[in-house]
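Residues or ranges marked as domain 'CN hydrolase' in Swiss-Prot (evidence: sequence analysis): 40-307. What Swiss-Prot lists as active site, proton acceptor is Glu80. Residues or ranges marked as N-linked glycosylation site by Swiss-Prot: Asn147, Asn315, Asn353. What Swiss-Prot records for Lys179 is active site, proton donor, and it gives sequence analysis as the kind of evidence. The active site, nucleophile feature in Swiss-Prot is assigned to Cys212. Sequence annotations record features per position, and here Swiss-Prot assigns GPI-anchor amidated glycine to Gly487.
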Amino acid sequence: MITSPLLAYVAILFFCVLKASSLDTFIAAVYEHAAILPDAPLTPVSHEEALMLMNRNLDLLEGAVTSAAKQGAHIIVTPEDGVYGFFFSRESIYSYLEDIPDPHVNWIPCTNPSRFGHTPVQKRLSCLARDNSIYIVANIGDKKPCNASDPDCPHDGRYQYNTDVVFDSEGRLVARYHKQNLFLGEDQFDAPKEPEIVTFDTTFGRFGIFTCFGILFHDPAVTLVKDFQVDTILFPTAWMNVLPHLTAIEFHSAWAMGMRVNFLAANIHFPLRKMTGSGIYAPDSPRAFHYDMKTKEGKLLLSQLDSHPHRPAVNWTSYASGLPTPLVGNQEFKSTVFFDEFTFLELKGVAGNYTVCQKDLCCQLSYRMLEKREDEVYALGAFDGLHTVEGSYYLQICTLLKCKTMDLHSCGDSVETASTRFEMFSLSGTFGTQYVFPEVLLSDIQLAPGEFQVSSDGRLFSLKPPSGPVLTVTLFGRLYERDSASGASADLVAQGLRVMLGVIITIMYSLSW
């Protein structure tokens, strides 16, 4: 019979061993991969031909994994679509898919590759992780048969999922995530019936995973942080940059800061589709990032992160709500930012305090420029409404931005360079949400690590003069509970815009091949 003192001793010993094996910091790696694409992605090929292409991409990923492991990385994230590319049909993607089991089966494909059928891609990823003693995050395709007993079963008798997989340092499959929020043009894949919440624990923290477009929605992204207390998000993506507020490095670093977690973003590298921008982001500042529209090369990033980052919560409306309500003046004007109509005020002096409102949101800006240039216009904008283009999601945004030209109606158009330097800025707003993501983007699409901070009362302010001219300073708020609060007319407009955007994206794809 085991006595209770002995049980207590064993429990204490186990706790001590567990604590001794845990790491306060770890080295993260992300790889922006320039994928080798199929010549004719809409044409079905044999599994052998598909595997040849995937192995060519895996050869490149192997080089990145090996290099990262030699530099001490504990985990590496690779991009969405990185193994086979994109723009497939439902039929043409099929030869690239494998059956990916639930990780609870406790499977190491490297040592038992035939347990779940023919799985050469999973075997290779597993062996790569095992041989290099590193966690590997990859994006591949899953297939699951179904039949008429399932009323949702697709016409071809199978579900096809855009899938993230994670193999641990022994090559064991420890996580599988089926992408929930499919983007326009992803008709080759099905969305799972319910959002999947996928986490796994390591000696260097708890990890959660989701893919690309999902960052704009509550589930699973926010749920992973709020309800499952993950320390680090793993984020394979094929992200098309959209200025002024949705470039990859800008928004992903802002999400890390707003949600107060580490964020490892690996983007595909394909400048013809405006796809670039990867990074390793901590809650207080970016640790490493890469944005390159000029070359065709991939890029490996590494940086050290805290295993359990802890940042204080922010009251995003505290400061701005204490300010007097401004009178609506005749200097306001309207201009469109990514199909949304903002209310703007032009910044007319070298320094000043401005407030602009739209609906329930008032945005307050204090700033000082080094000089007021005659050839550039900056404006303070507010938007409080439902965005209905590539998806429906409710936004509250306060933004200081450079206008494309001297014409005020160009405020919100895409612009990549600026010349105006700021000495300081402080931006706040009366947000109706706790989910606000602070962005600072400098000329030539560069971040400003260590140059700004968010206060506990909701101000985004500069710590020193920014190191480059400012493109935008933005507080990007999400009101998830109002995403479906659209009327019939808004739905009709959204449907038309989605069709138009889908046609544009299809044309972009076809021109790329």
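Cβ coordinates are placed from backbone N, Cα and C, and glycine is handled just like the others.
Sequence features annotated in Swiss-Prot and their locations in the structure.
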{"residue": "Glu80", "record": "active site, proton acceptor", "CB count, 10 Å": "28"}
{"residue": "Asn147", "record": "N-linked glycosylation site", "CB count, 10 Å": "8"}
{"residue": "Lys179", "record": "active site, proton donor", "CB count, 10 Å": "26"}
{"residue": "Cys212", "record": "active site, nucleophile", "CB count, 10 Å": "27"}
{"residue": "Asn315", "record": "N-linked glycosylation site", "CB count, 10 Å": "13"}
{"residue": "Asn353", "record": "N-linked glycosylation site", "CB count, 10 Å": "11"}
Conformational class of Asn353 (N-linked glycosylation site) under the three-state DSSP mapping:
strand
Rounded to an integer, what is the Cα-Cα distance in Å between Glu80 (active site, proton acceptor) and Cys212 (active site, nucleophile)?
8
Residue among recorded positions Asn147, Lys179, Cys212, Asn315 with Cα closest to the Cα of Asn353 (N-linked glycosylation site)
Asn315
Taking Cα atoms as reference points, which of the recorded positions Asn147, Cys212, Asn315 is nearest to Lys179 (active site, proton donor)?
Cys212
Quick note, the residue listed as 'active site, nucleophile' and Asn147 (N-linked glycosylation site): C-alpha atoms separated, nearest Å, by 30
Whole-number Å distance separating the Cα atoms of Asn147 (N-linked glycosylation site) and Asn315 (N-linked glycosylation site) is 50
Please state whether DSSP places Asn315 (N-linked glycosylation site) in a helix, a strand or coil.
coil
Cys212 (active site, nucleophile) in three-state DSSP notation
helix
Using DSSP, would you call the residue listed as 'active site, proton acceptor' helix, strand or coil?
coil
